Amino acid sequence: MGGEQSLALPPEKGPHRVGCADVMVGHTQQGLFFRLFYPCVPRDGAERPLWIPRYEYCSGLADFSGHSRRWCAPLLNIAVGSCRVPLSWKAPFKPCSSGYPLIIFSHGLGAFRTVYSSICMQMASWGFVVAALEHRDGSAAMTYFCTAEAVREQWIPHQQVPQGQKEFYFRNNQVHHRANECARALQLFRAVSSGKSIPNVLPQGFDLSVLKDSIDLAKAAVMGHSFGGVTAVLALVKESGFRCAVALDAWMFPLENMLYPEVPKPVLFINTEKFQTPESVAKMKRLSSRNSQTKIITILGSVHQSQTDFAFLTGKLIPRVFNARGTLDPYKCLDITSQAALAFLQRHLGVREEFARWDHLLEGIGDSVIPEAPSCLSNL
């Protein structure tokens, strides 16, 4: 597997230092599980969390990639099991009397709550609270919930499309499940803000009550990558509290055609160069033709995994296995992605005015970015 790898995530670019913690609500599969990224009070010698939180996730990645658990999971664990994220684990939350804006983040197919730490920590460093969900529809590489009886863990493995079932119907059911989880996550933060006690059932779990009076629920957005990108689009239909969506290289296939006219709010599509199809771009253009505030841009030299943490693994073999390297430097790709997202959120949430300095990216103007899609995908 090429020996032990390191995860070279860049430090926070914004003015806030970032903490993170896991939150699990409820004792059934219908509950919620997410990693929370938030502005924190820095602590010397703070623990840094593992990037792959449990060995079971290595097994899930092996399953998803089509390799045998028997050899692939142990090798993945040797290669990346000790990688840590440059964040403060369970650091004290930094209160904000004016309220931080909120982002609910949805992961891609075969991913989980920790593998978008790079983009989530950048957004949190600019003054957002980010809840990166771990979906329980069978699309995660692996996930679990804790039952009420002796806090026993019930694991939910990745689920392939059942033999004989059409993929669209299977994925369409999943995307609705995922979008409902995004809506429930926003409702959870409403309950916390109203003063309701919401227990975090994880042992020594982060206390959600510290968030009360520090989140501005009038400034809520939904964001996601790939399957999570189209989940974010659908979440705008499901939950009116989301004011806009940021879709990173959205996989548009699972969304039914009849729902496109019902998407009520603007979407920023940030695509990579090597993933999209003419059909997918055409679906995005259906939304941009209905709403002039919906934007489509493409980052040249990027591949689908460029918008995940896999792009920041050093060494050659693991990034090659997950096809994580484009020709564009991953740090440059992350800068473009986060800056475009911040400019869009400033426009639609009314957050920090300084983000407007990146408005040109929303028009596809700048180094390594173009408007809409490469010409080979746009000639429809």
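Cβ from N, Cα, C; glycine included.
Per TrEMBL, the features are:
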{"type": "ACT_SITE", "residues": "Ser226", "note": "active site, nucleophile"}
{"type": "ACT_SITE", "residues": "Asp249", "note": "active site, charge relay system"}
{"type": "ACT_SITE", "residues": "His304", "note": "active site, charge relay system"}
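Taking the Cα atom of each, Ser226 (active site, nucleophile) and His304 (active site, charge relay system) are about 8 angstrom apart. For His304 (active site, charge relay system), the Cβ neighbour count at a 10 Å cut-off comes to 23, with all displayed protein chains included. Each of the active-site residues Ser226, Asp249 was scored by how many other Cβ atoms lie within 10 Å of its Cβ, and the smallest score goes to Ser226. The distance from the Cα of Asp249 (active site, charge relay system) to the Cα of His304 (active site, charge relay system) comes to 7 Å.
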